[in-house]
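Annotated domain 'G-protein coupled receptors family 1 profile' per TrEMBL: 43-294, in sequence order. Under the heading transmembrane segment, TrEMBL lists 28-50, 62-84, 104-122, 134-156, 207-228, 240-262, 274-294.
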Amino acid sequence: MSHFYPTNISLSELHLSGIPGLQHLHHWISIPFCIMYLITLAGNSTLLCVIKADPSLHLPMFLFLSMLAVIDLVMSTSITPKMLSIFWFRSTAISLDACLTQMYFVHAFSVMESGLLVAMAFDRYVAICNPLRYLSILTSPVVAAIGLATLIRAVAFMSPLTFQIRRLPLCSPAVVDHSYCEHMAVLKLACRNNAFSNTYSLSVSTYVGSFDSLLITLSYTLILRAVLSLCSTQARKKALSTCSSHLCIMALFYIPGLLSMYMESYHQELPPHVQVLLANIYLLIPPAFNPLIYGIRTKQIRDGALRVI
């Protein structure tokens with residue numbers, strides 16, 4: 001693999017290895033990655049256009065959905081083009097500043113998406129369990145405050161981590177065994193003790209993952225309890241189908257990312273390419289499926305799309 005990385009690597013430049021151990025399959029791996037990225041771009045852009053063009057969709061549920069679409073577009077675009085350039089052209093070089101910027105966007109927007117999934121679960125809880133007060137509870141200022149709170153939380157959590165890594169001296173060869181600048185993978189290049197960054201990252205990820213998933217589980221438990229009390233069998237089936245699809249896509253977001261981080265942090269005996277693929281799953285699959293699960297399956301979105309067309 002010596003032809004992948006020049007020998008004159010400067011400390012201001014890093015090299016991404018792609019999928020470690022599977023470099024010979026990069027061209028084949030790029031096909032599903034590229035398809036998922038195109039679906040992400042098309043699905044989320046279409047969703048934003050439909051919601052913006054149809055005034056009847058300017059409701060809290062669809063405002064949250066618009067925020068989710070923007071987050072998914074930014075999160076996918078921050079890693080996929082560079083990843084595909086590695087797979088197709090072996091363009092492994094990335095400046096340290098660009099690497100840290102990519103890392104910041106990926107992890108900050110992941111925290112934002114997690115917070116927004118909580119907000120959307122709460123939105124569904126209010127809509128199903130307290131429908132008469134839905135618009136009086138989730139007013140436009142409240143929706144804007146929730147969106148701002150998710151942004152502030154992400155910035156507050158990720159800024160110290162990025163600044164700390166920026167101050168760490170990096171050792172050559174500056175090769176990141178990953179397809180993007182994932183925090184744990186970059187941290188391995190540090191020449192001195194990185195215990196603080198490692199502990200801080202694990203603490204933040206554990207807090208965000210466990211606290212947010214607990215709130216989501218609580219919301220959907222209350223929703224399911226309300227749904228099961230419905231008299232109509234058809235209504236119960238429809239609600240259960242919607243809740244199960246939401247929970248599945250949330251599981252794809254939380255489980256692979258946390259598994260990858262813990263395995264890399266605690267040096268579990270797992271092939272490197274499996275860890276990298278797990279880290280890619282939670283950044284590539286949910287943004288591609290969110291427009292389908294939350295958008296196309298929703299009758300108001302389908303009707304709004306027909307009106308726009």
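Note: Cβ is positioned from N, Cα and C throughout, glycine not excepted.
For the transmembrane segment (274-294), same-chain residues at least 6 beyond its ends with a Cβ under 8 Å from one of its own Cβ atoms are 19-20, 33, 36-37, 39-40, 43-44, 46-47, 65, 68-69, 72-73, 75-76, 79-80, 83, 106, 110, 113, 120, 177-180, 182, 245-246, 249, 252-257, 259-261, 263-264. Only residues 6 or more beyond the boundaries of the transmembrane segment (240-262), in the same chain, are considered here, and those with a CB under 8 A from a CB of the stretch are 110, 113-114, 117, 121, 124, 184, 201-202, 205-206, 209, 212-213, 216, 220, 223-224, 227, 268, 275-276, 278-279, 281-283, 285-286, 289-290, 293-294, 297.
Away from its own ends, the transmembrane segment (28-50) comes close to residues 19, 22, 57, 65-66, 69-70, 72-73, 76, 80, 83-84, 87-88, 280, 284-285, 287-288, 290-292, 295-296, 301, 304-305, 308 of its chain (Cβ-Cβ under 8 Å, at least six residues beyond either end). Within the model, the domain 'G-protein coupled receptors family 1 profile' (43-294) shows a mean pLDDT value of 86, rounded to a whole number.
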